[in-house]
Amino acid sequence: MARLALSPVPSHWMVALLLLLSAEPVPAARSEDRYRNPKGSACSRIWQSPRFIARKRGFTVKMHCYMNSASGNVSWLWKQEMDENPQQLKLEKGRMEESQNESLATLTIQGIRFEDNGIYFCQQKCNNTSEVYQGCGTELRVMGFSTLAQLKQRNTLKDGIIMIQTLLIILFIIVPIFLLLDKDDSKAGMEEDHTYEGLDIDQTATYEDIVTLRTGEVKWSVGEHPGQE
């Protein structure tokens, strides 16, 4: 009886067929995922420049906001702490100024102060739709000379550190030296106390018991050597 012979199929074709039957469908990549904005980041429609500014007090800084389209009004938001929500920035006349030219909006702050520290966001609201786009933010850090209160605080801190160092020196250097000196003095006193230890006072001879040494007569005359006869 003739047996049925299976046609030889390459193993890699079978593996590929099994993978196609068992694998989940892979979603097609969207065009916006393939072509990301090279100038910005996750804030797709608008981006800010620079992302961080550090200037001394009294300088003038500018923050730029670039947009894909010029349609819509641009406003600026500001928050001082990271965990706060951005609030509408109140422009001070003569010191803060905002300008918009087609796809570029600029915020200018003159004579920056410590109160201007924070993160600034540009926000665009389109005219045709209700969509609102917000930039990633620009952090401003104002640097300058310390105030009188800060100087006093630093001086107090320095005095405290010096006091702590002095106490540590006394504790770890001077105190051990005094302890060693005190130990040496006590050791010398103990040696003096043990000088007459074991001596029985009752058995010692008194002054009257001391026998007077009497010298005998000399057998040789002056000038004669004792070895001569």
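Placed from the backbone N, Cα and C atoms, the Cβ positions cover glycine too.
The record in Swiss-Prot pairs C65 in a disulfide bond with C122, which is drawn from C43, C122. Outside the transmembrane segment (160-180), and at least 6 residues removed from its termini, no chain residue falls within Cβ reach (under 8 Å). Closest by Cα distance to C126 (disulfide bond), from the recorded positions C65, N73, N101, is N73. If you take the C-beta of C122 (disulfide bond) and look for same-chain residues 6 or more apart in sequence within under 8 angstroms, you find I46, Q48, M63, C65, V74, S75, W76, L77, A105, L107, Q134, G135. Mean predicted confidence for the topological domain 'Extracellular' (29-159): the pLDDT average there is 80. N73 (N-linked glycosylation site) counts 11 other C-beta atoms within 10 Å of its own C-beta, drawing on all protein chains shown.
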